[in-house]
Amino acid sequence: RARRGRAAASAALSARPAGPGGRGPGSGAPIASPQAGMAAEDEAELSLLECRVCFEPYGPDGQRRPLNLPCGHVLCRGCVGALAGAERQRLECPFCRRLCGPAETSDCRPLLQLLELLGPAGGLASALGRSGGGAAAAPAGLGLRLCLGGWGSLVNPTGVAACPGSGRLAVAHDGKKRIHVFGPSGFCLGRFGERGPASNDIKYPLDVAVTPDGHVVVTDGGDCSVKAFDFDGRGVLAVREGFCLPWGLDATPESEVMVTDSEAGALYRLAADFQRGELKKCQMIRSRLVSPRAVAVCRASGAVVVIEHLKALGPSKGSTRVKIFSAEMDLIGQMDSFGLNLVFPSRIYATAVAFDKEGRVIVTDVCSQAVICLGKPEEFPIFNPLISHGLSYPVGLTYTADNSLVVLDSGDHSVKVYSST
């Protein structure tokens, strides 16, 4: 079992972008001031329908037609021609620096389908309104307030959680000390959880949660366990029995912990006296899930949302499914990648999930490098993008007590904090 856990965890970590390409200062201090971050957001107020080079809206024809580069980034035809130069032989992607030829580009069909849907007088808002989500708009005006970490400070981060009381952020990553704690202002407060043979050492952290009573809970794929620590890094509890591959975590207002078991296809509720280091119960509350990963609990209603990773058939890379349960664990809504494509013509692969303070389901999407609001359980799904630029590979999501949105970006090994502007 431990070998299976190590193999699965290693595969998950190695699948994420790594290396010094996202290199930052490595000090744990903020790498962008609030003023600079918000100014950058104001200057680059892009939408999904704008070229990220010239900031002009895409169009169905001519120089504004959206083209795919072989690396997956999208530019308008005019920018592709400008980057290729007069010789039109080779061009360098302005985002990832991969070289290609103009002949290697192709039409971006999802964007062209969206432009056709909107029509000449349409806009993104009108498309969202037609999707059934016009009655409940998602929060708008999010601006980047802090950007923390960077390569060296964080290495292949996999999970992020906020302490409801203190505002501290706990990040699970693959560094020497596996848990990195940031203060509300963004400065490093401490690191703990070294890799080693001891029972409370962390081998391969997959996710992290913080309970309202101030304990950090980690799923460890290395020995298939759930481990709890205080904020000083002292191990208080380790639960190993019963799990095949514990993965996703979230804490309830009662300081219980929801845990997904990806290999067993189950969801557990774990209750413990963390002060005394005593496990009270570890109860399976849902079975027959398909590779469940991320999980979130609504603080207001007690609803639970789970992201399943569906197995691929043929050459496809697979898809994801978002399932919403009531507080009594009755299924009240679900939607997979194919169904979401019917709401919005772009492939969605969800990696992290959270509830905002209004009880709306928020997910990260690594295909569009975005954070998307899917609405409340009773109106699920709508489609409202909250953050559509500035992310590389978003894999973690949480909200702080002051309703700041925290996104963990494994692409550049950073934590990005967004607040209403």
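Every residue, even glycine, has its Cβ placed from backbone N, Cα and C.
Residues or ranges marked as compositional bias 'Low complexity' by TrEMBL: 7-18 (among others).
Feature annotation from TrEMBL assigns compositional bias 'Low complexity' to 28-37 (among others).
Under DSSP, residues within the domain 'RING-type' (51-97) fall into helix, strand and coil as 11 helix, 9 strand, 27 coil. The domain 'RING-type' feature in TrEMBL is assigned to 51-97.
Here TrEMBL flags 1-37 as region 'Disordered'.
If you look up TrEMBL, you'll see 149-185 (among others) marked as repeat 'NHL'.
TrEMBL lists 189-232 (among others) with the feature repeat 'NHL'. Mean model confidence of the repeat 'NHL' (189-232) amounts to 92 (pLDDT, 0 to 100 scale).
Positions annotated as repeat 'NHL' by TrEMBL: 389-421 (among others). A Cβ distance under 8 Å defines the sequence-distant neighbours of the repeat 'NHL' (389-421), meaning residues of its chain 6+ beyond its ends; these are 16-17, 21-22, 24, 31, 38, 41, 44, 46, 52, 139, 141-162, 164-165, 167, 169, 171, 173, 182, 184, 186, 207, 294, 351-357, 362-366, 369-371.
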Query raised in the report: What is the number of residues in the repeat 'NHL' (389-421) that are helix, strand and coil, as DSSP sees it?
Result: 0 helix, 18 strand, 15 coil
Query - Secondary structure composition of the repeat 'NHL' (149-185) [DSSP: H/G/I, E/B, coil] - result: 0 helix, 17 strand, 20 coil
Report summary line: Per DSSP, the repeat 'NHL' (189-232) contains 0 helix, 24 strand, 20 coil
